[in-house]
Amino acid sequence: MARLSLDHVTKSFANFDAVKDVSIDVADGEFLAVLGPSGCGKTTLLRLVAGFEKVTSGEIRIGGETVSGKGGSVAPEKRRVGIVFQNYALWPHMTVAENIGYSLKVARLDKAVARQKVADALALVNLQGLGDRRPANLSGGQRQRVALARCLVAAPSLVLFDEPLANLDVHLRASMEDEFAAFHKRTGTTIVYITHDQAEAMALADRIAVMDGGRLAQLATPRELYHEPANEMVASFISQGILLPADVLTAEEAGHCKVRVLGTELVVRCRPGERPRAGAKICCRSADLDVSPDGPGFDGLVKRVIYQGGAARIEFTPAAGPDLILHFEQPDPVRLESGAQARLRIKSGWLIPVAGAAS
Amino acid sequence: MSTSTRESRGQEMALTAAVAVVIVLLSLLPMLRLIKEIVAPGGTLSTVAIKAGLASPATWIATWHTLVAGIGGTILAVLSGTLVAVLITLTDIRGHSALVLCYVMPLMIAPQVTALAWLQLSGPASPFLKLFGAAPPLGTKNPLYSTSGIILLLGVQYGPLVFLLVRAGLRKLPRELVEAARAAGAGWFTVLVTIVLPLMTPSIMAAAALAFVSCVGNFGIPAFLGIPANYLVLPTLIYQRLAGGGPAVLGETAFLSVLIGAIAMAGIFAQEVMSRRRDYRISSTSLPAEPYELGRWRPAVQAGMWLLIVLVLFLPLFGLVLTSLVPGYGIALNARTATLDNYRFVLFEHGAASRAFFNSFWLSIAAAFFAVLVAVPIGYLIAWGKQRWVRLLNLSVELPYALPGVVLAIASLLLFLRPIPLTGIQLYNTVWIILYAYLARFLVLALRPTISGYHQIDRALEEAAQVAGAGLFMRMRTIIFPLVAPAAIAGGLLIFMTALSELTVSALLWSSGSETIGVVMFSFEQGGDSNYAAAMSVITVAVTFVLMLVTNLLAPYLPIGVLPWRD
Ligand SMILES: Nc1ncnc2c1ncn2[C@@H]1O[C@H](COP(=O)(O)OP(=O)(O)O)[C@@H](O)[C@H]1O
Ligand SMILES: [Mg+2]
């Protein structure tokens, strides 16, 4: 177990910054998920931590020791990190047991001890008796378990996962997710877990680092990420948040302020210290929207109704903002039809803080 | 509609039939004729030929020599080729493309030229050693006239072959497999030994099989180094028998050539068995691993690499050039003795030599031209055809090249010893029999790049033309040929370079008036006129080199890997 800290880490390939000025502190035993769309630099970040890539600038420390930085780079084999790759990366010319026991063999561990450890690791991932199989003869889920066992057997201080479930079918994912959670609980290892699937990140992680175009967009608990996104990217990326232009009318008071959105006034949650300003944005979720035929709200047109069993997803364009699309769910019996006029009400929302404001 | 369907069906049938005829003529017919000679000499089944062959002690000695030289050469080629491939592909050594170009160059030089060049470097008459006064006294035996000399040169000649295959394999190695091992605590060397090389087993085995087949079938090197030492391998034994006995001993040499073929096949079979023993299939694809940083060792490794290249390429060629400038055997080279007379002699004065230049040039051009024309339709059937028998098609085109050249030469002799039935045309003792053998043997050199060219083309381009109403021949001419032309032409140029100084086949098939460059070079060397042989060699190497540069112009339009010397 070890603390991991990244300090203003930047990685450039030629002229292109794959990771830009990222600073993250991962506490001892913490489960950190790194979440972001494809190509945002997640894998590069992980390879920097593992030592397969050299930082262009900044510093990485594992357990207090600087492993990457100006003074050079500690070789990957000296970092005591475990990695589980998306494509499993099992060596096809070795049996399952040989794959798992590889790090023990490299460390010249006593053969009998090594055999016992491999057996324990196999048991830990529920693969007893498969030690003599070849990786090619295993299912995807089994392969990923072997990869997990291979990485645990060396008792690494830090385990890195690179989209470990991306190649598995939905069914297997849920059970592997449980297994990862159980593994974390049992061993207390520090984990950095990369994924592009937010449900997975939310389910597993203590905190989530959202990345966008190489930068760290927000680092927060899943709950905070959902309720208090720090910027528009996080707001729209997490759970399909809806962004609406707003003018802040009053200063913050007890975590709330009054805003004007689409011509109606409402009270939203906000950060302390917010002051009246124009050109702000609020984020609301589909659950925050409600049809209010007679009450306060704003009028608009129902664009599309997509029935999804038990409820319909309604896409709605307000008259005051013809470029906007708001979506929400209406449970059965669905009464709205596409092309119909309707009046919506925003029950609550979150005022996106000014860019660059400290959280 | 139905007429046009019928027309296009008809064109496809015509194409298939034409291809079938070419394949039968060039590939199946000679092989069948050879087998018939073994099992049924004179038309009736008998084991006489086999028994006679097995009873001769010369057969056994030559077989033993073939195995020793073949296995020794293969081991050397595999060790050196793999080492160079690992260093160039997996480390941060600098100047990749220059290193690859120079290391692969010996592959483009004919074996007998390699042999001659090395002989000129090391013997008592070596102008190179004389430059430093280091030449042994005249009369001393050249150390290369020995088993180890043959093995050394076979290793030099075919190391690049191994290099190319292993390098291709290493480039496909996904980086995660390496990184997983490093994360498990393994240092670079451990990763190399426990992960990288085991995973390269299929590539290394395939390379070893190819090198083995090339070594046992090689004629030029054992002819130049072995015959003076009376160290005969099967190809040189066949050559000597035929040179001494003429057509009368054809049956006996047929047995010997089948024996070489069998040894070569055994090598390929052994490779199959070895590669099957474990699972080496790499299922994922990814970027290649980051190159290993040699750090302070880099200058040393870099220098070692260039030293190797100086040793295997520049020094021998330098020795060759020196010899070609010396007026006669054993004369030291200096400003006063240097002369271009040797060049003038071989180009303009010596009848057979100038004839040989003419013959080899037009034979190579004809073979290349024909192969390009034929490779396009054959490649079409193999790459885009739906029939299942196309695999056999591919195999039967590969066979004459995969088998040692002597095999095909003997088969051609058997086939054309008598006039062609019905027509009365006599190919034996003419230059045409050499052309036939070249066509059969080298076709695959144009076919392989063409097929990879087809695989790179979006088939929709052809289908669009089809929808527009173009028949097969129309599409071939206007769409397909222009698209695969660069690849096919690059293949043609490879054929030209290979055929220009070819010796193995023409040594058995030539006759007075139909000499090739290789044959004349060989007879000069055998007669002690190394200076003339060297002059001819320098000319062919220069032509080859210029052609390589010209072919490079095609590179942007070619699939990766068509030009072996380009990285
Ligand atoms: N070795 C490399 N050389 C050049 N560009 C790279 C390299 N590795 C990654 N990149 C680029 O960096 C960006 C981030 O890649 P990656 O970290 O793999 O994204 P993610 O894992 O989030 O999908 C991509 O645009 C990718 O093309
Ligand atoms: Mg990735």
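Backbone N, Cα and C define each Cβ position, glycine as well.
Annotations in TrEMBL come from automatic prediction, not curation.
Panel annotation: around the transmembrane segment (B:12-32), residues 374, 377-378, 380-381, 393, 396-397, 399-400, 408, 411-412, 414-415, 436, 439-440, 443, 472-473, 476 of the same chain, lying at least six beyond its termini, place a Cβ under 8 Å from a Cβ of the stretch. Under the heading transmembrane segment, TrEMBL lists B:12-32 (among others).
According to TrEMBL, the domain 'ABC transmembrane type-1' annotation covers B:63-271 (among others).
Residues of the same chain lying 6 or more positions beyond the ends of the transmembrane segment (B:64-88) and with a Cβ under 8 Å from any Cβ of it are 96, 99-100, 103, 147-148, 150-164, 166-167, 170, 192, 196-197, 200, 204, 207-208, 211-212, 215-216, 218, 222, 226, 231-235, 260, 263, 267, 301, 305, 308. What TrEMBL records for B:64-88 (among others) is transmembrane segment.
Here TrEMBL flags B:100-121 (among others) as transmembrane segment.
Residues 65, 68-70, 72-82, 84-86, 88, 103-107, 111, 114-115, 118-119, 122-123, 200, 203-204, 206-208, 210-211, 214-215, 218, 221-222, 225-226, 228-229, 231, 233, 312, 564 of the same chain sit 6 or more residues outside the transmembrane segment (B:144-166) yet have a Cβ under 8 Å from a Cβ within it. If you look up TrEMBL, you'll see B:144-166 (among others) marked as transmembrane segment.
Residues or ranges marked as transmembrane segment by TrEMBL: B:187-213 (among others).
According to TrEMBL, the transmembrane segment annotation covers B:254-274 (among others).
Long-range contacts of the transmembrane segment (B:306-326) within its own chain (CB-CB distance under 8 A, at least 6 residues past either end) are made by residues 80, 84, 99, 102-103, 105-106, 113-114, 116-118, 120-121, 126-128, 131, 156, 159, 332-333, 337-340, 342-343, 530-531, 534-535, 537-538, 541. Feature annotation from TrEMBL assigns transmembrane segment to B:306-326 (among others).
For B:357-551 (among others), the entry in TrEMBL reads domain 'ABC transmembrane type-1'.
The feature transmembrane segment is assigned by TrEMBL to B:361-383 (among others).
TrEMBL lists B:395-417 (among others) with the feature transmembrane segment. Remote same-chain residues near the transmembrane segment (B:395-417) are listed as 23, 26-31, 33-34, 37, 213, 216-219, 234-235, 238-239, 247, 250, 253-254, 257-258, 260-261, 264, 268, 378, 426-428, 433, 436-437, 440-445, 447, 502, 504-505, 507-509 (criterion: CB distance under 8 Å, separation of at least six residues from the stretch ends).
Taken from TrEMBL, the feature transmembrane segment covers B:429-447 (among others).
For the transmembrane segment (B:479-501), the list of distant contacts is 108-110, 112-113, 360-361, 363-365, 367-369, 371-372, 375-376, 379-380, 438, 442, 445-450, 452-454, 457, 461-462, 465, 470, 517-518, 521, 537, 540, 543-544, 547-548, 550-551, 554, 557-559, 562-563: same-chain residues at least six beyond its ends, Cβ to Cβ under 8 Å. Sequence annotations record features per position, and here TrEMBL assigns transmembrane segment to B:479-501 (among others).
What TrEMBL records for B:536-558 (among others) is transmembrane segment.
Here the listed stretches are B:100-121, B:187-213, B:254-274, B:361-383, and the one with the most C-beta pairs under 8 angstroms to the transmembrane segment (B:536-558) is B:100-121. Only residues 6 or more beyond the boundaries of the transmembrane segment (B:361-383), in the same chain, are considered here, and those with a CB under 8 A from a CB of the stretch are 15-16, 18-19, 22-23, 390, 393-394, 397, 431, 434-435, 438-439, 442-443, 445-447, 450-451, 453-455, 476, 480-481, 484-485, 488-489, 491-493, 495-497, 499-500, 516.
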